[in-house]
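**Student:** I'd like to ask some things about the structure below.
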Amino acid sequence: MELLKNLPEMDLMRSEKMTFVQLIIPVESAHRAVSYLGELGLLQFRDLNDDKSPFQRTFVNQVKRCAEMSRKLRFFKDQIHKAGLQSSALPTLQPDVDLEALETQLAEHEHELIEMNANSEKLQQTYNELLEFKIVLQKAGVFLVSGKSYDTAEGTELDDNVYPSDYPESASLLEQATQSGPPNSSGLRFISGIIPKSKILLFERMLFRATRGNLLFNQAPADELIMDPVSSEMVEKTVFVVFFSGEQAKTKILKICEAFGANCYPVPEDLTKQTQITQEVLSRLSELETTLDVGIRHRNAALHSIGFHLTLWMNMVKREKAVFDTLNMLNFDVTKKCLVGEGWCPIFAKPKIQEALQRATFDSNSQVGIIFHVMDAVESPPTYFRTNAFTNAYQEIVDAYGVAKYQEANPAVYTVITFPFLFAVMFGDWGHGICLLIGALILIAREGKLSSQKLGSFMEMLFGGRYVLLLMSLFSIYCGLIYNEFFSVPYHIFGDSAYKCRDDSCSDAYTVGLIKYRDAYPFGVDPSWRGSRSELPFLNSLKMKMSILFGVAQMNLGIMLSYFNSIFFNNSLDIRYQFVPQMIFLNSLFGYLSLLIIIKWCTGSQADLYHVMIYMFLSPFDDLGENELFWGQRPLQILLLLSALVAVPWMLFPKPFILRKLHTERFQGRAYGILRSSEIDTDSDPGSPRQHEEEFNFSEVFVHQMIHSIEFVLGSVSNTASYLRLWALSLAHSELSTVFYEKVLLLAWGYNNILIRMVGLAVFAFATAFILLMMETLSAFLHALRLHWVEFQNKFYGGDGYKFKPFSFAAIADDED
Amino acid sequence: MYGFEAMTFNIHGGYLEAIVRGHRSGLLTAADYNNLCQCETLDDIKMHLTATEYGPYLQNEPSPLHTTTIVEKCTLKLVDEYKHMLCQATEPMSTFLEYITYGHMIDNVVLIVTGTLHERDVQELLEKCHPLGMFDSIATLAVAQNMRELYRLVLVDTPLAPYFSECITSEDLDDMNIEIMRNTLYKAYLEDFYQFCQKLGGATAEIMSDLLAFEADRRAVNITINSIGTELTRDDRRKLYSSFGLLYPYGHEELAVCEDIDQVRGVMEKYPPYQPIFSKLSYGESQMLDKAFYEEEVKRLCLSFEQQFHYGVFFAYMRLKEQEIRNLMWISECVAQNQKSRVHDSVVFIF
């Protein structure tokens, strides 16, 4: 007992001791203090303004400003991304700009960018129009020329048409066009323009309907893609020319063009004029192109300079926002000169926090220091384990089930070894183990690189569990050596087999069996068992018994941990009426079974353990006969059976009755006092937790205890049986890999054909990689998980705590990306 | 197969029903509305909304915010959700979902036609259209001069075409005609939708006939009230009532002859489901009627979520969301125009 108490404290065994603290911060140093605390990241603030909506809080304006700034930053990021630039994350040596300056700077940049965008958009639009005009001129010109010859034969006048356009840029062109020919009220005329290709069919149909078929529609695809100014995507367009007659038709067609977003351009029918306009358009196009280029270069330069600081700024704004969000959790005191904050921190961090607060007071030249003191708290403290890269994954495995109650024994300590070990019992094959090991080592070797970059969800999971993977693979190699399986093939690694054939021909090896001629194989399973008649019975018996031993051992560990929990929380009642009977019950039945297994292994006895266990219950007084393993087994069995029977009422009845007795005793002495004071108390402070502390409901407690006891009694049977999954999965794994080896690889190798061999090898490799290495790993992982969560942790683990979430800049930077 | 939807519904409809129920739980709650009503500026509203499902749609809006932007973005969210559901839907649910938008389509057609009649810019009108009721050739509506042309040119391609059979005239379009057209179309639409739901059968028919009947009755009352004092004859008026619903046929006879609001009230109070709506109003008042109807509708829509394995939830969700957007628009307008005292006038809490 003394030894146990003198052991050094284990960090991971119990969560950090926490304390509830109150901070009283003068307004002038509040911001600095909170940001220093954020850098430290060891204080979890409690929201004191829970009832207020976000915009009623004190620092709502600052939060809004931060949101606005981050919006601008997102805009920059988007622009940079659109321009195809890389936002270089150079750690520039720029000093910390203060927020105000940054805000104005950002506003300037945004203004500049928006203006530039507007300019370039305008230019782009003009450019697009000219480009379209050019295309229309080219394409429509062809129609017109062919139409013209036809036209002169007919003797009809063909007029080129003019219509107003909204675009001032092309005004000069339009003016020229206007002079080219006054519209005629009669005769055949035409409209030419350009329309997105996707709309052309609908457009044509609509035109046909609107003019009742009195039109001629010509179209030709444009050769170039044209940028859509809204979505900045390249769109395929089609040039069309519509010939029609009549004024009314014209207005209709124009309206339809407008409705479909078709841009109409006038094409002079005169060839010389056409070439003249084409020339002009081309020259303007090239001019515009250079202007556009200059504009884009200018913009890219601006974006580039923004890109330099972007990550820095984003981080800064994020931090500022977090600081103000935290400040919003604080309360103003009565004088409105101080902010009051409450929160949890680990005890070891108190000096650090105090130091940070002092620094904040000093740096902000505040007259008054920050008051930092410990308070009483009603609710239970958060759970905080200090983990490192190695233990973190195991802690996560436990936390996934439930976060430990404050200062409760932490199963993660044992999980570090037992989890990979139980996994390996199911996954024992040193060939597969080596494959996993290589994977794990690759992940660990590239740790630095991988941890900084963003991974997919699957890789993230794999990377997070790299140390779990490492131990799992090491243990599978170990178990694989014991099972003597390398991709299901046994090897003579530790010397020769202990068995040999009866004669040289080895003809009866599979029928009668082998004979033993030397000492047992030194380590693991003898390779000669493989393929022999008794391979399966031998391995099954071995693995089944082994599973039960592991199971009983782990469950005992679980019950032991409940003992340590009771010691820690000073709960002698639980030790006497829960821990002791549980120990007795489990060990008198399954502990005894384990003992029998070990004796049987050591003595090589032929006794039938099923028989022993079953008749221990059915007829405990009968003679054991040939199943007797040791002297005095029968009286021992009777004793164990009796103690198991006694243990059940022991864990069921005393505890609730004692609790009731304690409760009544506590209230007997001070019944009057309570009556009076409680009345006053409920009036003055109805929310006080001490009031409803003692609501003792006997039937509830009793039912609870009954459920608990029944669960344990039934559980000890079913949980032991549940550990047999170790055997089942291990068997499945080895059988599966045997099938792939023998029925695929060896079968293919039997053919003397390189092609078949290659195919066989490929199938074997894929089956090994995907079925054995991925799916089997997953299933063994899940079963190991279940054994820990259910069979192990239900013996002692409450898991109803909540995690310590300190206000920390590091965490903020992490979770956003 | 009435009563056996549970066996087969989830094969095609399970995923979408889950989706729509998920969306429903994203609707703003009374607590949200309380917070929104306390906002001082539109930025506060934006800030509050960014904490809700609307977050991604509003967070990138630059700060001097307008009511229209808020409404636009919220509608955009509805449209995105609708499009997602429509993409995933199979027959007959996709048809059902399409039916939901026809109402907006009718409104859009009427909006454009009226707008062009008053010589408004088509682009401007298009921006005002509800995005759910858009169809390809909607802009071409401006070309049409009369109903026959309207039908022949544009609407023959749309799902609205069959509804036009009753209102094709060669008359020129004017305000009165258009309004009659809207109501005729709506009547035909509701009847068609009702038939469609009956054809689907099962819980869908049961719930949707209830919801559509309410819609039809509400329209009947509104038509009556709006047509009091106009030159619309009784027969014309009766022609605009949908031929189903609680009021059909005897209530319609009585409504057709009503001359003032109190007579309408007298007719409606004979029908128990509508009694509570009218009992809330004082005599001669018709202002609050809309809100009362909306409240009743929201109650009915919410109830449709109580039953599973039917398409009514999609209809109900779309309607609830539209109501929510109306609420947001009202609150934002009140905040923007400093009329905070009137903020509760027209907000219908959904839960």
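Keep in mind that glycine also has a Cβ here, set from the backbone N, Cα and C atoms.
Remember, TrEMBL labels are computer predictions, not curated facts.
Grabbed the feature section from TrEMBL, which reads as follows:
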- A:99-126: coiled coil (COILED)
- A:421-444: transmembrane segment (TRANSMEM)
- A:465-483: transmembrane segment (TRANSMEM)
- A:546-568: transmembrane segment (TRANSMEM)
- A:589-616: transmembrane segment (TRANSMEM)
- A:636-653: transmembrane segment (TRANSMEM)
- A:754-775: transmembrane segment (TRANSMEM)
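Relative to the rest of the structure, where do these features sit?
**Tutor:** Taking Cβ pairs closer than 8 Å, the coiled coil (A:99-126) reaches residues 65, 69, 72-73, 75-76, 79, 167, 169-170, 227, 229, 288, 291-292, 295-296, 298-299, 302-303, 306, 313, 316-317, 320 in its own chain, all 6 or more past its ends.
Residues 545, 548-549, 551-553, 555-556, 622, 624, 626-630, 637, 640-641, 644, 716-717, 720 of the same chain sit 6 or more residues outside the transmembrane segment (A:589-616) yet have a Cβ under 8 Å from a Cβ within it.
Long-range contacts of the transmembrane segment (A:754-775) within the same chain: residues 429, 432, 435-436, 487, 733, 736-737, 740-741, 744-745, 747-748, each at least 6 residues beyond the stretch ends and with a Cβ under 8 Å from a Cβ of the stretch.
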**Student:** Honestly, do the transmembrane segment (A:421-444) and the transmembrane segment (A:546-568) touch, with at least three Cβ pairs under 8 Å and pairs 6 or more apart in sequence?
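**Tutor:** In contact, yes.
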**Student:** I'm checking region-level scores; what's the whole-number mean pLDDT for the coiled coil (A:99-126)?
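**Tutor:** A mean pLDDT of 84 is what the model gives the coiled coil (A:99-126).
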